[in-house]
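Worksheet for the structure shown next.
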Amino acid sequence: MASGVQVADEVCRIFYDMKVRKCSTPEEIKKRKKAVIFCLSADKKCIIVEEGKEILVGDVGVTITDPFKHFVGMLPEKDCRYALYDASFETKESRKEELMFFLWAPELAPLKSKMIYASSKDAIKKKFQGIKHECQANGPEDLNRACIAEKLGGSLIVAFEGCPV
């Protein structure tokens, strides 16, 4: 079911910047986005970047100690959102970083909001080619480290964002 909602160019640019890791200077790496939250525009016709709802790589360990906990705290309690999160995790063999796409549709969100976000998900996913991991979360219990580790690879994952799972 398509909703006719468009995806803003800035959303696509941010996805590309997060997906493509160029050889960068330490200053450029600090400005790279760790997480970004997207919402619908006021007229509900376009998916846009939510103002002020991002975590930069340079903030991790400086102003933000636990980036995933901070990310979860940025999600609204009573409305839906889309998000990209650059997950850092360890398997038994190696350390990895992979993008995760989230549809946040909490129980307390209005039914109309849940319907439009669910029906617009394909529009944003088509723009996000190459995403390996997708997660729909309906409450904070869906966003604990064990649930996320399961999405990333189950029993192969030994740590997520530096914390054992």
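Each residue, glycine too, has its Cβ placed from N, Cα and C.
Now, the feature entries from Swiss-Prot:
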MOD_RES   A2  N-acetylalanine
DOMAIN    4-153  domain 'ADF-H'
MOD_RES   K19  N6-acetyllysine
MOTIF     30-34  motif 'Nuclear localization signal'
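A sphere of 10 angstroms centred on the C-beta of the residue listed as 'N6-acetyllysine' encloses 15 other C-beta atoms. DSSP states for the motif 'Nuclear localization signal' (30-34), grouped as helix (H, G, I), strand (E, B) and coil, give 2 helix, 2 strand, 1 coil. Per DSSP, the domain 'ADF-H' (4-153) is made up of 57 helix, 49 strand, 44 coil. Mean model confidence for the motif 'Nuclear localization signal' (30-34) is a pLDDT of 89.
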